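Input: a single structure, listed below in structure tokens.
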């Protein structure tokens, strides 16, 4: 099995990258892909850049050049579920765009034209992630992760997301684009991220302060998840 791992920022990939054995680097169109083995698993780790376009382009390059069997999206997210605190884990059941609106043509809010309303994460990967959470004794919430090209900082944008997606557990800027690409390629995916902020008026300050905490937690999750996947 080969696992593709995608993080947007340097801080979100550096801990994993530094542990890759026999590491080689491939740079294409501003995307950096690191290949080798991690915990005995063949991996291709992508630093995509921030936002939906960067994530979609990077995921496509990763799938075309490295042919991973599964995709794991890692990194940080803003918490929406009331029980989530900084460092907690979110696992996707599904992902949706929170900033897509073609409702004039009969689509659901958040649904891109010609696409499903949601992109479903793989059940086997979800189960492996939940097993990993139990093993590490982490607090986690499983559910809908929503994505858009905005860092959510303030009550107006937050209220809009809560109104349109009351079931959403977390918000970030890449996961749905990655799920969209994986859907088109027929490659299973899951989002496993750690909370860096709670998407409120002070979220930009919390993000800057706690990004390292989120990166450490999400990287630990991915490492342990790879071990679980390698066991089959």
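Glycine too: its Cβ is placed from the backbone N, Cα and C atoms.
What Swiss-Prot records for this protein:
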ACT_SITE  12  active site, proton acceptor
BINDING   78, 152, 173, 174  substrate binding site
ACT_SITE  197  active site, proton donor
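Projection of Swiss-Prot feature records onto the structure.
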| residue | record | Cβ within 10 Å |
| --- | --- | --- |
| 12 | active site, proton acceptor | 27 |
| 78 | substrate binding site | 26 |
| 152 | substrate binding site | 23 |
| 173 | substrate binding site | 23 |
| 174 | substrate binding site | 33 |
| 197 | active site, proton donor | 25 |
Substrate site shell beyond 78, 152, 173, 174, criterion: Cβ within 8 Å of Cβ centroid: 77, 147, 148, 150, 151, 171, 172
Maximum Cα-Cα separation in Å among residues 78, 152, 173, 174, which the record lists as binding substrate: 13
Shortest C-alpha distance to residue 197 (active site, proton donor) - which of the binding-site residues 152, 173, 174: 152
Residue 12 (active site, proton acceptor) - helix vs strand vs coil (DSSP): helix
